[in-house]
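Participant: According to TrEMBL, the protein carries these features:
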type: COMPBIAS; residues: 1-10; note: compositional bias 'Polar residues'
type: REGION; residues: 1-54; note: region 'Disordered'
type: COMPBIAS; residues: 12-28; note: compositional bias 'Gly residues'
type: TRANSMEM; residues: 113-140; note: transmembrane segment
type: DOMAIN; residues: 115-683; note: domain 'Major facilitator superfamily (MFS) profile'
type: TRANSMEM; residues: 152-169; note: transmembrane segment
type: TRANSMEM; residues: 181-199; note: transmembrane segment
type: TRANSMEM; residues: 205-227; note: transmembrane segment
type: TRANSMEM; residues: 239-262; note: transmembrane segment
type: TRANSMEM; residues: 282-301; note: transmembrane segment
type: TRANSMEM; residues: 391-412; note: transmembrane segment
type: TRANSMEM; residues: 542-564; note: transmembrane segment
type: TRANSMEM; residues: 571-590; note: transmembrane segment
type: TRANSMEM; residues: 596-618; note: transmembrane segment
type: TRANSMEM; residues: 630-653; note: transmembrane segment
type: TRANSMEM; residues: 659-677; note: transmembrane segment
Amino acid sequence: MADPYQNNVYHQGGGDSYRTYGKGGDQDGYGYQADYPPQEEDAASDVTEGHDEEDQMYEGEYQGIPHPDEVKAAQRAARAKTRAAGSAVSELEELSEQYEDIMEDCGHGKFQWTLFVVLGLALMADGVECFVVAFVLPSAEKDLCLSNAEKGMLGLMVFLSMMVGAFLWGGLADKVGRRRCLVVALAINCIFAFLSSFAQGYGFFLFFRLLSGIGIGGTVPIVYSYFSEFLQMDKRGEHLSWLCMFWMIGGIYASFTAWGIIPRYGWGFSMGTEFQFHSWRVFVLVAALPAIASLVGLTFMPESPRFLLENAKHDEAWMILKQVHDTNWRAKGQPEKVFTVTHIKAPKTAEDEFIEIQSATGTPVQRWAVRSLTLCKLVLRNVASLLSAELRFATLFMAIIWFCMAFSYYGLSVWFPDMIKHLQYEEYVSKVKVFHKERVVNFHFNFSLENQIHKEGEYIQDEFISIEMKSVKFEDSLFENCRFEDIKSTDTVFENCTIRSTVFRNTDLGEEKFINCKMENTSFEHNKTGCHLDTVEENDDLIYLVSFLGSLAVLPGNIISALFMEKIGRVKIIGGSMLISAGCTFFLFLSFSQSAIIALQCLFCGVSVAAWNGIEVVTVELYPASKRATAFGVLNALCKLAAVLGSSIFASFVGVSKAVPILLSFAALVCGGLVALKLPDTREKILQ
C-alpha cells in the first residue's frame, strides 16, 4: 500500500526523515499561503502604513544593548551550529528545537497569562483539597458519629486517593491529552465534592471524598506539564514558579473560608432527624469553587500543541500555535505580525497507528474494550520506560528528592498543629479541679461542669437539669435518688460508681460512659442516640489561624524562588532550600509554647517552598513530552505516599518525644538536598 505522505518527507544530510505538517507538492510543507497572499514590493497594509521599520530606532541601541530579536537569532544560530557540528539528531530532538523556535516567535503574552490563571485555579483546588477534611472533622465527627479510627481512616483515604489520581491521570495525559484529562479530573472532583456535602452517613461521605480525591489528584501532574509546553526556555523556570503560588492561595482560601463559615452553625438547615445540613457542609461546597472556575475556564483553552505534535495531529497543533501567536501580538498592539511557520516536523508513532488499526474492526463494545486495553498497556509501558537506561538515574534521584521532601514537609505539617493541641491539652489538664469526698444533698445543678474530677463523693436527691458536662469524671461516687435531664456531655465518664433509684431522661449518657458501675433501680428514658452537633462552638479558631499563617508564610519564599530560579538555577535552589530547612528543624527543640510553634512553622514553610518550586520545575524539564505527565504523576503519587507515612509517624510521637520527628525530618531533608546537588542543570535545556 502506498504511503499517503510519501511526498511529505523532509530529508536531512544524515539520512533521517521527518514527517512534515500538511500536504505535499513541490514544497516541504503546506504553508497556508492562501491566508496570507503575497504582496507586491511596494504594497503596504492599512495597519503598517506610515511605519517604516528601518526608520524606527531600537531604544537600547545607544546603550549597546542588543535587540531581543538579535539575541533570539544568535541563540538559534548557536543551536544550529552545535547541531551541524555534532552527530545527526533524532526526530524528537529536531522537533524540540523547532518547537522552541516557534514558541519564541509566539512570544509570552496574553494567551500564557490567561492559561496561567485557569491552570492556577486548578492548582488552587488541589491545595484546598489537602485542608478540607482537617477543617471539617471537628464538626463532622459529631454530625457523622465518627470514632477515632474512622477519623484517621478519612484523613488517610484522602491522600491515598490523591496518590491514585496522580498516577492514573498523569499516565493518561501523555496518551489522551493534557486538557482532556484535566477537564475530566476536575469534573469528577466537582461532582463528588458536591455529593459529599449532602452525604448523611460516614460510608457515603468517605466514598464520595475518595472519588473526589482521585479526581483532584490528577491536577498537579497535568497542570505543570500542560503549562510548560506553552513557555519558551527563558521564561519556563520563572513562570512555573509563579504558578506554584496558587497552591499557597488555595491554603489561604481554605483556612479563611473555613474560619468564616464552619463556626456559623445557624447557616445550616435540617429536614427532620434524617437530613442535616450544617455549616461545615456549606464549607465543603465553597471549597469546590476553584475547581469549578478552572473547569469553566478550560472550556476556552486549547490542547497542548506539543502533545498534538507528539501524536501526529499536525493540523490542530498548527492552528493552536497560530492562535497563541496572534493572541499575543494583537494584545501587544502588533496585529500585522504574521505567523510564518509553514511546516512542523513531527513523526507519527507506531503506538497511535496500532490504536487506529484496532479501532477499525469489531462491534462498538469490542472496539471500546480493545482501545481501553491498548491504552492501559501503553500507559504501563510508558511508566516502565521511566527506568530505561537514559532515564533511570534521573528517575531515581527525583524519586529520592520527592520522597524526602514530602516525608518531612507533610510530617511536620501534621506535627505542628498536633503539638499545639497537645500544649493546649496539657494547659487545660493542669487547671483541673479535684473534689474529694464531697457530700451534696437536695441541690439543683443549673450550671455547667467542666474540667473536674469528683472522687468518693455522695450525691443525694440532687438534680442535674439542662447542663453541659465537659471533661468531667466521677470516681467511686454514690448517686441516690438523683435526676439527670437534658444533659449534653463531652469526655464525661462515671467509673466504679454506685447509682441507685436515679433517672436519666433525654441525655447522651450511654452505656459506654459508665465503667464498672453498679446500677440499682435506675432507668434511662428517651436517651439520645447517635451524634449531634452542639450549638456551642466546637472549633478552635487557632486551627484556622495556624493554617492561614502557614500558607501566608510561603509568599516570600515563592517570590524569591521565582525571581532567582533562572539566575541561581534549579539545582542550587532545591539543594540549598532543603539543607536550610534541615537546619531550621533543630529550632523545633525550642518549641515550648504555642507562639513558638507557630513562628517555627512559618519559618519552615517559607524556606521549604523554594525547594518545592525547584523540584516541580526540574521534574518538568528532565523528561520528554511523551513521558512528562507520566513521570510527574508517578513522582507525585510517591509524594502522597510519603505524606501518609510522614504524617502517621510524626503524629504518633506527639506528647512522647520531640527528638524522633526532628531527627527524622533533618535526615530526610539532608539526604534529599545532597542528592539534589547531583542533578543536571536544566536552565538552558530545550524542553524535550
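Cβ coordinates are placed from backbone N, Cα and C, and glycine is handled just like the others.
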Participant: Tally Cβ pairs under 8 Å between the transmembrane segment (571-590) and each listed stretch (391-412, 630-653, 659-677), then give the stretch with the top tally.
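Facilitator: Of the candidates 391-412, 630-653, 659-677, 659-677 scores highest.
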Participant: Quick check: do the transmembrane segment (181-199) and the transmembrane segment (542-564) share at least 3 Cβ pairs under 8 Å, counting only pairs 6+ apart in sequence?
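Facilitator: No, these stretches are not in contact.
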Participant: Give the nonlocal contacts of the transmembrane segment (391-412) in its own chain as ranges (CB under 8 Å, at least six residues past its ends).
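Facilitator: For the transmembrane segment (391-412), the nonlocal Cβ contacts are 385, 574, 578, 581, 585, 601, 604, 608, 611-612, 615, 618-619, 622-623, 627, 631, 635-636, 638-643, 645-647, 649-650, 661, 664-665, 668-669, 671-672, 675-676, 678-679.
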Participant: Could you tell me whether the transmembrane segment (152-169) and the transmembrane segment (630-653) have 3+ CB pairs under 8 A, leaving out pairs under 6 positions apart?
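Facilitator: Yes, the transmembrane segment (630-653) contacts the transmembrane segment (152-169).
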